[in-house]
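In what follows, a single structure is set out as C-alpha cells and then discussed.
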Amino acid sequence: MEMEKEFEQIDKAGNWAAIYQDIRHEASDFPCRIAKLPKNKNRNRYRDVSPFDHSRIKLHQEDNDYINASLIKMEEAQRSYILTQGPLPNTCGHFWEMVWEQKSRGVVMLNRIMEKGSLKCAQYWPQKEEKEMVFDDTNLKLTLISEDVKSYYTVRQLELENLATQEAREILHFHYTTWPDFGVPESPASFLNFLFKVRESGSLSPEHGPIVVHCSAGIGRSGTFCLADTCLLLMDKRKDPSSVDIKKVLLEMRRFRMGLIQTADQLRFSYLAVIEGAKFIMGDSSVQDQWKELSHEDLEPPPEHVPPPPRPPKRTLEPHNGKCKELFSNHQWVSEESCEDEDILAREESRAPSIAVHSMSSMSQDTEVRKRMVGGGLQSAQASVPTEEELSPTEEEQKAHRPVHWKPFLVNVCMATALATGAYLCYRVCFH
C-alpha cells in the first residue's frame, strides 16, 4: 500500500518533524474576531486557540452566542464533527446547550480531568455519588443512567433533559482515560478498538447531529481522532483506497479549526492508526478481535488520579510596569494560559524513538523563539524563580564573596598613623 511505503520512508529518514512543519506552514489562517472580543475572553481556555469566525458553532442565546467550538464538515467523507475545548467551570452549561441544539448523540472525551497536576477540564457530567447535575444558566438537567468502566476507556449513558420543554434525550459519553499526558498511545490497537466502539454505537451516523469531540484545547488529540476516522471512511468510499493522502485530509480539516494535530508524534500515530485500520477496510474482519485482545480492555482500570501535593504559598515578583506577577497561582482556568506550553512540553517529552536527532534541528530555532514568547503559563513563572543551585553557592564562593568587616578599620588606622608620623617629623625639622 502506498501509505505504508510512505510511512516507512519517512520513518527511515527520520523526517516526521520536517513534514509536520510543512503542514503547519501550509495550514489555512482565517479571522477569529468573535473569539477575541473582551466579553468572550473568559470563555476561552487558551488564549491562542480560537475558533475561526466562518466555522464556529453559534449558541441560540440572545445575549451571547459564543462558545469555543468549531464545525468540521468533511464533504467527501460525509462526516461532520464538532471539535471543542474541555469545558471551563463557567461554560459547562454552554457545552450541554450546544449538544442539545446541534442534536448530537455522542460526546468523545480524550483527556482526563487532571493531568500532570494541572486541571485540563471541568467536571461537566455527574459522578456516581451525585447522579445528576442541573445547569441553571441554560435550563438543562443531566442524569447519569449507567457507566461501563473498561481498562482504558469508560462509556457512560446520560440523559439530557430540557427543563423548559420536559423533553429528554439519551447521550453517550465515550471517555478515553489512558491517553498519555504528553504524546500518543503505545500502539494503534487500543485506539482503533475505541474508535470502532464509537462507530458501532451509531453516534457518528448522519441521522444524528455531529459528534462532539474534545480534549483540553480541542486540537491535538481531538484532531488525531477525527483525522484517523475520516481517512478510514474515505478509504472505504473510494475505489482506490491508496489514493487517500493523510496530509491533504489534515490540511482540509485545518480550514475549519486551527492547529489540528499538535505534534510530529501525533501525525506519525495517525499514519499508524490508518494503516492498521485499513486492514479492516480491506476485508480482514479478524483484526477487530485482535485489537480488542491487544487492548486488554477487560483488565482492571488504573487507580483514580492521586491529587498532587499542595503547591508552595503564593509569592510575588517585584512590580513591573505597575503590575505584579503571581507565582504558583492555582486557578481552575486561566484565559491567559497558552496552549503553546503544552506543545513545547510535548515536543520535548514525547518524541518517538524513530525520529532521528538531526531531523529535529529544523524545529529547534522555532521552539526556542516560542519558548521566549510564551509568557503566561506556570512554566515561564517557574523559570523566573532561582533554582536551588543558584540559591546555594559553594563554600569557596561564599568565602570569596563574604564581606570582610575589619578591612576599613585597618585602612583608617594606617592612614592615621602615617599622618601622625609625618606631623611629628615636620615638627622636629622646623623647631629643632
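Just so you know, glycine gets a Cβ as well, placed from its N, Cα and C.
In Swiss-Prot this protein carries:
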| type | residues | note |
| --- | --- | --- |
| MOD_RES | Met1 | N-acetylmethionine |
| DOMAIN | 3-277 | domain 'Tyrosine-protein phosphatase' |
| MOD_RES | Tyr20 | phosphotyrosine |
| MOD_RES | Ser50 | phosphoserine |
| MOD_RES | Tyr66 | phosphotyrosine |
| BINDING | Asp181, Cys215, Ser216, Ala217, Gly218, Ile219, Gly220, Arg221, Gln262 | substrate binding site |
| MOD_RES | Cys215 | S-nitrosocysteine |
| MOD_RES | Cys215 | cysteine persulfide |
| ACT_SITE | Cys215 | active site, phosphocysteine intermediate |
| MOD_RES | Ser242 | phosphoserine |
| MOD_RES | Ser243 | phosphoserine |
| REGION | 297-322 | region 'Disordered' |
| MOD_RES | Ser335 | phosphoserine |
| REGION | 350-402 | region 'Disordered' |
| MOD_RES | Ser362 | phosphoserine |
| MOD_RES | Ser364 | phosphoserine |
| MOD_RES | Thr367 | phosphothreonine |
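Here the features listed in Swiss-Prot are painted onto the structure.
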residue: Tyr20; record: phosphotyrosine; CB count, 10 Å: 24
residue: Ser50; record: phosphoserine; CB count, 10 Å: 22
residue: Tyr66; record: phosphotyrosine; CB count, 10 Å: 20
residue: Cys215; record: S-nitrosocysteine; CB count, 10 Å: 28
residue: Ser216; record: substrate binding site; CB count, 10 Å: 23
residue: Gly218; record: substrate binding site; CB count, 10 Å: 29
residue: Gly220; record: substrate binding site; CB count, 10 Å: 26
residue: Ser242; record: phosphoserine; CB count, 10 Å: 14
residue: Ser243; record: phosphoserine; CB count, 10 Å: 11
residue: Gln262; record: substrate binding site; CB count, 10 Å: 26
Using Cα coordinates, what distance in whole Å links Tyr20 (phosphotyrosine) and Ser216 (substrate binding site)? 21
Closest by Cα to Gly220 (substrate binding site), out of the modified residues Ser50, Tyr66, Ser242, Ser243, is Ser50
Gly218 (substrate binding site) and Ser50 (phosphoserine), distance between Cα atoms, whole Å: 10
Per DSSP, Tyr20 (phosphotyrosine) is which: helix, strand or coil? helix
Do me a favour and check the Cα-Cα span between the residue listed as 'S-nitrosocysteine' and Gln262 (substrate binding site); whole Å is fine. 12
In three-state terms from DSSP, label Ser243 (phosphoserine) for me. helix
C-alpha spacing of Tyr66 (phosphotyrosine) relative to Ser216 (substrate binding site), in angstrom: 18
Take every residue in the domain 'Tyrosine-protein phosphatase' (3-277), average their pLDDT values, and give the whole-number result. 94
Taking the Cα atoms as reference points, how far is Tyr66 (phosphotyrosine) from Ser243 (phosphoserine) in Å? 38
How many whole Å apart are the CA atoms of Ser243 (phosphoserine) and Gln262 (substrate binding site)? 25
Between Gly218 (substrate binding site) and Ser242 (phosphoserine), find the distance joining the two CA atoms and give it rounded to the nearest Å. 29
Distance check, please: Cα of Gln262 (substrate binding site) against Cα of Ser242 (phosphoserine), rounded to an integer number of angstrom. 25
